[in-house]
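Data first, discussion second: the structure below is written as structure tokens.
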Amino acid sequence: MLRILTLSILATSKLASAHVVAWHPGMYCLGGNDTSVDDPNTNLAVNPLWDLPKSKWWFQADRGCDKAPPVDGVFLELPAGQNFTTELAHNRAQTTLSFNGQYAGEWPDGKDHPEDWSGTGTPPGCIQDDGAIHTNNQTMAGGTVFAISYQSDMSQVTMENLVVFSVLEHTPWKRIATYEVPADLPPCPDAGCICAWGWVPQGCGEPNMYMAGYKCKVTGSSSTKQLAQAQVPKYCANDTSECVGGAKQILVMNQADGNNVVAPDNDFVAYNEKWGFQNGAQNDIFM
């Protein structure tokens with residue numbers, strides 16, 4: 001009976017909101033926005049951000065996620081010069097963080113799909129059986145990023161001190177997502193840093209955006225380098241000399257205020273080379 005009930009809840013929650021976030025024990029809203037309750041079936045953190053004032057979209061304040069930190073002492077650990085893994089899924093229940101991982105599969109929805117999964121037609125249209133990943137195929141997935149601020153208090157994090165340090169091209173795609181960490185990323189303060197995950201879908205569905213928060217800390221680092229101030233990315237597909245190098249901000253679009261980019265004619269906003277983001281660790285973000 002319990003398994004039937006659980007499956008029913010999973011099906012209902014997926015239909016209600018089937019989007020994606022990077023799940024990890026160090027995230028805000030891991031168990032929902034009530035820290036007295038650990039909801040193994042929550043999808044609150046996956047919901048997109050659209051037409052909101054900055055006071056609401058910033059770290060998902062619209063749903064109270066900015067007030068729901070992870071358990072004390074739990075961090076997203078960032079091993080300098082190495083990599084870390086998160087789980088991209090529509091619901092916490094579809095990860096290894098709930099129900100002993102029994103509903104976690106190779107893909108974000110926990111279902112089976114072909115390795116060359118794509119929409120129909122030539123060129124392929126949007127994938128219709130799971131629009132939650134907002135893409136036509138893997139190569140057209142918009143890319144996701146992690147950014148870091150060397151502030152321990154979220155109220156002190158700004159667009160200028162939140163720097164993208166890792167890019168994973170052609171994601172979201174499969175559930176397991178591994179991001180590279182710059183070797184020179186310095187240690188965090190004793191209370192840790194604040195990190196953010198970002199994604200702007202490249203077409204296929206509403207042109208919204210995603211941002212989630214994490215308590216994080218850099219491990220295995222003795223670097224004394226400092227991060228440069230994050231600059232606004234610039235579309236540079238037609239002229240690479242126009243690309244913004246070095247430390248960059250997350251992409252913000254289609255909000256009521258606080259936007260830093262707009263979609264170019266006949267193209268998309270995305271974390272890719274067209275916007276100056278190279279895949280992997282961002283090793284040029286230091287002063």
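Numbers here mean position along the shown chain, with the first residue as 1.
Glycine residues also receive a Cβ, built from the backbone N, Cα and C atoms like all the rest.
Disulfide connectivity taken from Swiss-Prot links C195 to one of C188, C204, C216, namely C216.
Counting only same-chain residues six or more apart in sequence, the Cβ atoms lying under 8 angstroms from the Cβ of C188 (disulfide bond) belong to Y150, S152, C216, K217, V218. Under DSSP, C193 (disulfide bond) is assigned to a strand (E or B) in the three-state scheme. Contacts of N137 (N-linked glycosylation site) defined by a Cβ separation under 8 A and a same-chain sequence distance of 6+ are given as D116, W117, S118, G119, P124, I127, in order along the sequence. Here the glycosylation sites are N33, N83, N238, and the one whose Cβ sees the fewest other Cβ atoms within 10 Å is N238. Secondary structure from DSSP puts N33 (N-linked glycosylation site) in coil.
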